[in-house]
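Annotated features, as they stand in TrEMBL:
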- 3-372: domain 'Kinesin motor' (DOMAIN)
- Gly103, Gln104, Thr105, Gly106, Ser107, Gly108, Lys109, Thr110: ATP binding site (BINDING)
- 299-319: region 'Disordered' (REGION)
- 310-319: compositional bias 'Low complexity' (COMPBIAS)
Amino acid sequence: MANVQVAVRVRPLNERETKEGGRIIVEVDDKVAKIRNLKVDDRPDSFGDSREKVVAFSFDYCYWSVNPEDPQYASQDVVFQDLGTEVLSGAARGYNICLFAYGQTGSGKTYTMLGTPASVGLTPRICESNCVAFLSFSFLEIYNERVRDLLKQSNQKKSYTLRVREHPEMGPYVEGLSQHVVTNYKQVIQLLEEGIANRITAATHVHEASSRSHAIFTIHYTQAILENNLPSEIASKINLVDLAGSEKADPSYCKDRITEGANINKSLVTLGIVISTLAQNSQVFSSCQSLKSTANTGGDSGILVSPGTSSRGGSSQRQSYIPYRDSVLTWLLKDSLGGNSKTIMVATVSPAHTSYSETMSTLRYASNAKNIINKPRVNEDANVKLIRELREEIERLKAMLLSFELRNFSSLNDEKDENLKELILRNELKVGGPSIISRSRFELPT
Ligand SMILES: Nc1ncnc2c1ncn2[C@@H]1O[C@H](COP(=O)(O)OP(=O)(O)OP(=O)(O)O)[C@@H](O)[C@H]1O
Ligand SMILES: [Mg+2]
């Protein structure tokens, strides 16, 4: 079990905000982000105003990227040292990982996830540090609820819409999405640049290079290892997601911008519902777990509780249905949200007073996401798992045989002893047998 890790990053005031006399209303103090409501007056005669002047939220990480001269300034490298390292170490241990950026349009999602040529972001940095492993990539965008491959060969001019399907064990996937094997960092960067160039961006009234689609860059990470002197593989999937920005509809926009905006908002609303339902379910689940442990440790309730119900809450505490399929984005991220994945969310915000309501809503959203509990599992190589289990069985049988011999060494029960010996021998043959170990993709052909 692992909670979704949540980071908040505050960007500098932009040109427009500075021109408008933007005042900084967000501050960061270690792992706490505070937001000030300038409309709430703190004069004594404002008695009766129930709104809070400063609201504080705590997170796993808070990054102050407002002013490079500030001692607590968080550069792209600082963010990578925390979040990128977390992604890499999880993938190296065999976990699936999802890192996604969420926030208002123009708040710094693309800057954080991809960066600029002068200031490289998380995705290229993660790829660069991954070079010891065997990697393949895919890069897609969800635009107007349709999936497009951002790395389809350039001679195929037609833009394809790909279908999302669901594998009973592997979960949702995109049928026909191209996979690209790379052997060095230069190839990764070429692919990334190609995909970014194919992605749909447009000028909006707030941001002249606004991402109009959600982009998912997936790294299939495979590393050859030796486990108990046996060749094995660690395989995991890293999803790096740059969401399109949430924004208010502007009636002066053309039809395309309005349709895009409506679709972006639809999937972000669904993402919000999925996140809050998962958070509620995780709370129900953990309160059931604690009730169970109270019951098991002799607590006075004495009532056993199953994960769908509680002794106190009754039906209101049931696990709620999660509407993953209501948007393509949430369907594709199903496994990353509440499934077999370690998940990190970066909430990006503007520090300006003009963005008060958007920043407040992002911080609330992010705070909610912190409550989601996932169930990440190590993706273990099936052959290695079998061998490990057989070895454990051999050790257990050997221990049984030893204690049996010690107990009966004066009057050995030959028949039982022979049976145990034969069982051990059969397991040892299976473990050592060459047919069990498939060739690793890293072994050279003989
Ligand atoms: N931490 C930061 N430091 C310096 N500049 C930043 C930072 N974050 C964002 N910016 C700049 O702010 C502008 C908007 O950022 P970005 O494109 O990342 O926004 P976005 O959240 O992806 O918006 P959209 O949702 O519209 O795609 C860009 O010019 C970017 O370079
Ligand atoms: Mg963007």
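In case you wondered, yes, glycine gets a Cβ from its N, Cα and C as well.
All annotation found in TrEMBL is predicted automatically rather than curated by experts.
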As a check: which entries in Gln104, Thr105, Gly106, Gly108, Lys109, Thr110, the binding-site residues, place their Cβ less than 6 Å from an atom of ligand 1?
Thr105, Gly106, Gly108, Lys109, Thr110
Would you identify the secondary structure of Thr105 (ATP binding site) according to DSSP, in three states?
coil
Can you list which of the binding-site residues Gly103, Thr105, Gly106, Lys109, Thr110 have their Cβ under 6 Å from some atom of ligand 2?
Lys109, Thr110
At 10 angstroms around each C-beta, which of the binding-site residues Gly103, Gly106 has the fewest other C-beta atoms nearby?
Gly106
Please work out the number of neighbouring Cβ atoms within 10 Å of the Cβ of Gly108 (ATP binding site), leaving out its own Cβ.
23
DSSP three-state assignment (helix, strand or coil) for Thr110 (ATP binding site):
helix
Using a 10 Å cut-off on Cβ-Cβ distances across all protein chains shown, tell me which of the binding-site residues (Gln104, Ser107, Thr110) has the largest neighbour count.
Ser107
Looking only at Thr105, Lys109, the binding-site residues on record, which one has the least crowded Cβ, with the fewest other Cβ atoms within 10 Å?
Thr105
Pop the mean pLDDT for the domain 'Kinesin motor' (3-372) in here, whole number is fine.
81
